Amino acid sequence: MNVNAAPEIVGRASQGVTPGYMSGFGNSFETEALPGALPVGRNSPQRAAYGLYAEQLSGSPFTAPRGANERSWLYRIRPSVKHSGRFAKADMGLWRSAPCLEHDMPIAQLRWDAPPMPTEEVTFVQGVRTMTTAGDVNTQAGMAAHMYLISRSMVDQHFYNADGELMFVPQQGRLRLVTEFGVIAIEPAEIAVIPRGVKFRVELVDGPARGYLCENYGGAFTLPERGPIGANCLANSRDFLTPVASYEDKDTPTELFVKWGGALWRTSLPHSPIDVVAWHGNYAPYKYDLRTFSPVGAIGFDHPDPSIFTVLTSPSETAGTANIDFVIFPERWMVAENTFRPPWYHMNIMSEFMGLIYGVYDAKPQGFAPGGASLHNMMLPHGPDREAFDHASNGELKPVKLTGTMAFMLETRYPQRVTEYAATADTLQDDYADCWRGLEKRFDPSRP
């Protein structure tokens, strides 16, 4: 398998919405797996159809403004109180939460190679490796950047995260996310977001899988404002897909893992918790194909700020200052005249964690491989390496299309603390800073 190559779009319908999904972002959806399972004109009937229980899942306070109010009504075989037992602490493995100060690593620009696939059997819960944490999970602010390495599907195991919503960014291998709300299938170049409190399990489709995982402790991801761009381009609402209802009526023992307060807890259940027969509301998991992102850019001169590539944003209480921005660098045309076209040299109040899904990143043609990661923390300088600088400074400025590439960035207002796993990993590149060593003094006061 060539992990550097851009994957083809698999399973997309030629017209209309992909079967098994509903189109739109933040819509008030309704879906039922059995006819008549959804009540009409009310949320909590005296007796729900099919002997179901009505239950509300709230992703925001009751009194949140209507535009930010998130909740769904679920009609399920058993209420969630039956999916809860005596919890005991479970081994967190390499999963960490903010604040995490377990390693006193000197400040530096950092980069990692792709981690190798595990040789032992590892499920999703066991396979999360935290790279950085930021903010504080207990104040619902900040994030964690993880890698996941999975070699075995979750069988009779389920999980939900009370600490934050999870964004899956596959890099190698397809995943099947079996959630309470329905089934989501994703592949490299797609993402999936699972809200807080939503139970799910992770299944492999075609062998071991590797990817990135963003844990958002703060406000839910939403679409960024377009401002003067107008009503179109960037990520369009219609390209987000939410699953239709499906359920399991399965009375076999299962384990339920819950991440709560930065710790992992487990309990045993006599049945599957994936038992929602119908639901309606706007608090639900979704997927998005990054290849449908419509980029905008400079069509005259200069290099615009990377914020024009924002797919989703988790806002903070300060307008224009994100808890997290999820930004991608997809295929696009470079046409600016008399311009240094790669990302410029930069020091930033925001902290940037980057990953590469496939292809080559234009500012780092060497050393930044698919499945790898980099960290440029707040106010630490970064920018193109010597090779990228020389090529961009001296090359012919004809229109060039960057093809077969997909990088992303998780940018947060908080400094990102490196975990012990990330600080001591064999994949950490000790010589990363050497990529700028070849940049020479070019100043000559006699030559304007």
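Just so it is clear, glycine is given a Cβ too, placed from its N, Cα and C backbone atoms.
On a predicted model such as this, the values are computed, not experimentally measured, just so you know.
Copied from Swiss-Prot, the annotated features are:
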{"type": "ACT_SITE", "residues": "H303", "note": "active site, proton acceptor"}
{"type": "BINDING", "residues": "H346, E352, H382", "note": "Fe cation binding site"}
{"type": "BINDING", "residues": "Y361, H382", "note": "homogentisate binding site"}
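For the recorded site, H346 (Fe cation binding site), the DSSP three-state label reads strand. Under the DSSP three-state reduction, E352 (Fe cation binding site) is assigned to strand.
Reduced to three states, the DSSP call for H382 (Fe cation binding site) is strand. Using a 10 Å Cβ-Cβ cutoff, H382 (Fe cation binding site) registers 21 neighbours. The record gives H346, E352, H382 for Fe cation. Within 8 Å of the mean position of their Cβ atoms, the other Cβ atoms in that chain belong to P343, M347, N348, H376, L380, P381, G383. Listed in sequence order, A336, T339, F340, R341, P342, P343, W344 are the same-chain residues at least 6 apart in sequence whose CB falls under 8 Å from the CB of H303 (active site, proton acceptor).
Same-chain residues at least 6 positions away in sequence with a Cβ under 8 Å from that of H346 (Fe cation binding site) are, in sequence order, P381, H382, G383.
E352 (Fe cation binding site) sits 15 Å from Y361 (homogentisate binding site), counting Cα to Cα.
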